[in-house]
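Visitor: Per Swiss-Prot, Ca(2+) 1 binding site is recorded for VAL304, ALA305, ILE307, GLU309, ASN795, ASP799, and the stated evidence type is similarity to another entry. Residues or ranges marked as Mg(2+) binding site by Swiss-Prot on the basis of similarity to another entry: ASP351, THR353, ASP702. Feature annotation from Swiss-Prot assigns active site, 4-aspartylphosphate intermediate to ASP351; the stated evidence is similarity to another entry. Residues or ranges marked as ATP binding site in Swiss-Prot (evidence: similarity to another entry): THR353, GLU442, ARG489, LYS514, ARG559, THR624, GLY625, ASP626, ARG677, LYS683, ASN705. Swiss-Prot lists THR441 with the feature phosphothreonine, giving similarity to another entry as the kind of evidence. Sequence annotations record features per position, and here Swiss-Prot assigns Ca(2+) 2 binding site to ASN767, GLU770, THR798, ASP799, GLU907 based on similarity to another entry. Annotation comment: Swiss-Prot describes 787-807, 931-942 as region 'Interaction with PLN'. What Swiss-Prot lists as region 'Interaction with TMEM64 and PDIA3' is 788-1044. The disulfide bond annotation in Swiss-Prot covers CYS875-CYS887, and the record cites similarity to another entry as its basis.
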Amino acid sequence: MENAHTKTVEEVLGHFGVNESTGLSLEQVKKLKERWGSNELPAEEGKTLLELVIEQFEDLLVRILLLAACISFVLAWFEEGEETITAFVEPFVILLILVANAIVGVWQERNAENAIEALKEYEPEMGKVYRQDRKSVQRIKAKDIVPGDIVEIAVGDKVPADIRLTSIKSTTLRVDQSILTGESVSVIKHTDPVPDPRAVNQDKKNMLFSGTNIAAGKAMGVVVATGVNTEIGKIRDEMVATEQERTPLQQKLDEFGEQLSKVISLICIAVWIINIGHFNDPVHGGSWIRGAIYYFKIAVALAVAAIPEGLPAVITTCLALGTRRMAKKNAIVRSLPSVETLGCTSVICSDKTGTLTTNQMSVCRMFILDKVEGDTCSLNEFSITGSTYAPIGEVQKDDKPVKCHQYDGLVELATICALCNDSALDYNEAKGVYEKVGEATETALTCLVEKMNVFDTELKGLSKIERANACNSVIKQLMKKEFTLEFSRDRKSMSVYCTPNKPSRTSMSKMFVKGAPEGVIDRCTHIRVGSTKVPMTPGVKQKIMSVIREWGSGSDTLRCLALATHDNPLKREEMHLEDSANFIKYETNLTFVGCVGMLDPPRIEVASSVKLCRQAGIRVIMITGDNKGTAVAICRRIGIFGQDEDVTSKAFTGREFDELSPSAQRDACLNARCFARVEPSHKSKIVEFLQSFDEITAMTGDGVNDAPALKKSEIGIAMGSGTAVAKTASEMVLADDNFSTIVAAVEEGRAIYNNMKQFIRYLISSNVGEVVCIFLTAALGFPEALIPVQLLWVNLVTDGLPATALGFNPPDLDIMNKPPRNPKEPLISGWLFFRYLAIGCYVGAATVGAAAWWFIAADGGPRVSFYQLSHFLQCKEDNPDFDGVDCAIFESPYPMTMALSVLVTIEMCNALNSLSENQSLLRMPPWENIWLVGSICLSMSLHFLILYVEPLPLIFQITPLNLTQWLMVLKISLPVILMDETLKFVARNYLEQPGKECVQPATKSSCSLSACTDGISWPFVLLIMPLVVWVYSTDTNFSDMFWS
């Protein structure tokens, strides 16, 4: 039934043709069940395991690798001779990588869909209904409830469907609907129509929503919506419809994959076409097909070389290390890619209660009457320190501490707060914090009494558990609570009837009252001044109400409670307590004692975090279910708004936002910093608008109502104290529910991205080198310098370890002084592309050069000519060009070993270059990242392992090297450091803002030797120089290769 909240009880009952006392007939139930179905959320049909596995192979890079593995497998099948076994290693390793990636992908997908299933926990199992087949109430399965059913609910029940209340059988009905609306306190319900058809859920006071809990009272109502038509069902539909966005990093890697696949395809085809003339060479037995297959194998090797197989594993490892660091800061990351996304967050949409605030209601101001003369009066105003439930703080007047027992009015005020109260403080030993037992408002009053200590109770030596209620206990020993007149909506107050524990002539029964100021003060005839009682005059009343209005609408927007007493109440037997309508009669002729103002105070550290966000170019938006006045007041206190800033067009309620045109709503999301009284649909809409501006949005939430927006935003952040639905729909969980933790996580995300850029570029330059190597050997007609199994080893193991260690690079000191990076910013800019292409070309040329050196110039090598090397495929006994050359020498493992050793060593030097994007190694020596030094040592150890430990040399088709050969490897490898240092110098001094270095030779003073050598690590210089001198002073016939 649409808009049931706007209809009268009679209209709703008439719509379903049902009587409240008898309920539906079985015939009606049957028809309604056929029409509306079961009252349950349908199980989401997830993807089958096979569909999930196939999905993992939709990535272009993965498909290319899979194709390369299949082709390698087919070619290995037809391989002959000694290479038969080793030929199968390559396809096997590639398939192993793909299977591992698929397992991780499937596991992540399965986790993502758990959020929808978690909604099931809010479905009640049973419900109590009236139906015509029985005279009394009956318990049935909640899934069998249909629209039109008359349902009975009582304290402790979970509401089984969306219900329009028809009658309340207790004084009040309180409902905890925080999981759905985000309201921090339970809500009082009534049965009157709410005429506004566009009312938000918070304002539908005559409705009960499926999945919410009854906190107090008993009532009956008629079911108006079941299953997917309930409010919680609508949330489920939103979550099903929400497609998970790919993170900026995933998008960048997708783009990189597409570009790389095109480049790979072109190079592979080019290599194959270049060598068409060699298809008929004698080495292939004169068979054109065998020649074509041989060069096809080289093209496959090229594809394997070009794909950074280790990249997924390194990224996963780096992100996992980041999550560990974040966990230490109370940010528990559920989705690994979101770690990097945090780094480009440009908007944080934060809930108010418990995130920006403590969610611990606290009394911060109070007043009592000081003097009254006719229509004029003066007040004693006090402020109270402490913003949590901890009974620690002091009462101050004019910023100076006061002793509360010196003011008679404060003693009576504390007595009312302690006795007109059903809540208490409790010390949780496991968490080490004080917690509320009962309502937040009443717990704030309990805490106030502890801070006031009006009877000077000795508190030293008490345990924290004893301290929790020490002062309240003293007051409760003086007076005994006989009965309570519960809160009701019409009078907006509650009271307790108390008698003294030790009766005497002077002490007598009293009624203590607390409630909304306007309701209580209207029923006050007198005011308490010290220990005397003075008549309330219109002027005094106006003064009191003006102060209360100022507190309620000023910068604090306090929630005010008036406290009063009835000095001569009726005796219990003279009261008729069965009917709550009589309560107001007994709460008249009251004496006003004082007023307290409370709020959910901001967390102490939030203001500095909001300031840090502003420095980092991140906009903070508060989105709350609370009212607008309170929300704006908190925004001012924490710095989202300035103290006197005009909030017109910067703060909206959900209703005001709905009334805007779509274009105005879009503009509102661009400028606003506060949204109050919002519903789940508003949060999702705000996220959509922000995403349309290319903003990267982090959204916080804790209730079921927040789940769709959490899932839709780039970073969903759930509270540690939130619901399972919110947690499973989110990417990150805040263990301490603290906004400052989000800011710390953003800082960590930025550092992780910077490090990730370094190792991605490091791996890419390595792959460029491998591609250049294979391309050069094919273009020059040289024998194979590297084979696929060696390339896999380098890409996965020897490169993988330093790349992972680069994730430990220290973050920049000014990382939070820069604006968020543009998520569309490429991983590799034009300059960086040139830089890594240049390095890659050197890596490729050096690798081929190392193999050529062995053939042409090495002692113990064949010393063939360049022509013979580049035409080795024409080598046979009757060819005069190869006279005296043993053709078997072109299949020697030595040149391949030289090429592999140079590739590995050069990559270790490249890892050192990647310590910083533009900072020189002379100023940032290797031990700045000790993990990198360790990983380089381990990678070189693994390289020695495959060189010197049998049977590994056979598998990798390599052989041990002697000292001269190793010196040659170092000679060829070390120049890559000098080359990158030159490129860094250019970037530092001509492409970025000039730093401290000597870059402006206009004045000689700025180019002094001391200025240019400032910050150089001399220990590193003294360590490296002797090594370089020794390497390059040793003769290895290097020059002979060029003379040849």
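Note: Cβ is positioned from N, Cα and C throughout, glycine not excepted.
So that I understand the layout, could you describe where these features sit and how close they are to other parts?
Guide: Secondary structure from DSSP puts ASN795 (Ca(2+) 1 binding site) in a helix.
For THR353 (Mg(2+) binding site), the number of other Cβ atoms no farther than 10 Å from its own Cβ, over all displayed protein chains, is 23.
Under the DSSP three-state reduction, ASP351 (Mg(2+) binding site) is assigned to coil, being neither helix nor strand.
Sequence-distant neighbours of ARG489 (ATP binding site): residues of the same chain at least 6 apart with a C-beta under 8 Å from its C-beta are THR172, ILE188, HIS190.
THR441 (phosphothreonine) counts 18 other C-beta atoms within 10 Å of its own C-beta, drawing on all protein chains shown.
When secondary structure is read from DSSP and collapsed to three states, ASN767 (Ca(2+) 2 binding site) falls in the helix class. Note on ASN767 (Ca(2+) 2 binding site): other Cβ atoms within 10 Å of its Cβ, all shown chains, come to 26.
Mean model confidence for the region 'Interaction with PLN' (787-807) is a pLDDT of 80.
Remark: CYS887 (disulfide bond) has PHE872, CYS875, LYS876, GLU877 as non-local neighbours, by Cβ distance under 8 Å and separation of at least 6 in sequence. In the three-state DSSP assignment, the secondary structure recorded for CYS887 (disulfide bond) is helix.
Only residues 6 or more beyond the boundaries of the region 'Interaction with PLN' (931-942), in the same chain, are considered here, and those with a CB under 8 A from a CB of the stretch are 797-799, 801-802, 804-806, 808-809, 904-905, 907-908, 911-912, 915.
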Visitor: Could you give the maximum C-alpha to C-alpha distance in Å for the residues THR353, GLU442, ARG489, LYS514, ARG559, THR624, GLY625, ASP626, ARG677, LYS683, ASN705 that bind ATP per the record?
Guide: 36
Visitor: Go through the binding-site residues ASP351, THR353, ASP702, ASN705, ASN767 and tell me which ones have a CA within 10 A of the CA of ASN795 (Ca(2+) 1 binding site).
Guide: ASN767
Visitor: Check the Cα-Cα distances from GLU907 (Ca(2+) 2 binding site) to the recorded positions THR353, THR441, ARG559 and tell me which is shortest.
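Guide: That would be THR353, the closest of THR353, THR441, ARG559 to GLU907 (Ca(2+) 2 binding site).
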Visitor: With THR441 (phosphothreonine) as the reference Cα, tell me which of the binding-site residues ILE307, THR353, GLY625, GLU770, ASP799 is the closest one.
Guide: THR353
Visitor: Let me know the DSSP-derived helix, strand or coil state of ASP702 (Mg(2+) binding site), please.
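Guide: SS state of ASP702 (Mg(2+) binding site) = coil.
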Visitor: From the binding-site residues GLY625, ASP702, ASN705, ASN767, GLU770, pick the residue whose C-alpha lies nearest to the C-alpha of ASP799 (Ca(2+) 1 binding site).
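Guide: Comparing Cα positions, the candidate nearest ASP799 (Ca(2+) 1 binding site) turns out to be ASN767.
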Visitor: When the Cα-Cα distance from ASP702 (Mg(2+) binding site) is computed for each of the binding-site residues ILE307, GLY625, ARG677, GLU770, which gives the smallest value?
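Guide: Sorting the binding-site residues by distance from ASP702 (Mg(2+) binding site), the top entry is GLY625.
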Visitor: Given the Ca(2+) 2 site residues ASN767, GLU770, THR798, ASP799, GLU907, which other residues of that chain have a Cβ within 8 Å of the mean position of their Cβ atoms, reported in sequence order?
Guide: LEU763, SER766, GLY769, LEU791, VAL794, ASN795, LEU903, VAL904
Visitor: Going by C-alpha distance, which of the binding-site residues THR353, ASN767, GLU770, THR798 is nearest to ARG677 (ATP binding site)?
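Guide: That would be THR353, the closest of THR353, ASN767, GLU770, THR798 to ARG677 (ATP binding site).
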Visitor: What three-state secondary structure does DSSP assign to ARG559 (ATP binding site)?
Guide: strand
Visitor: Could you give me the DSSP helix, strand and coil counts for the region 'Interaction with PLN' (931-942)?
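Guide: Looking at the region 'Interaction with PLN' (931-942) with DSSP, the answer is 12 helix, 0 strand, 0 coil.
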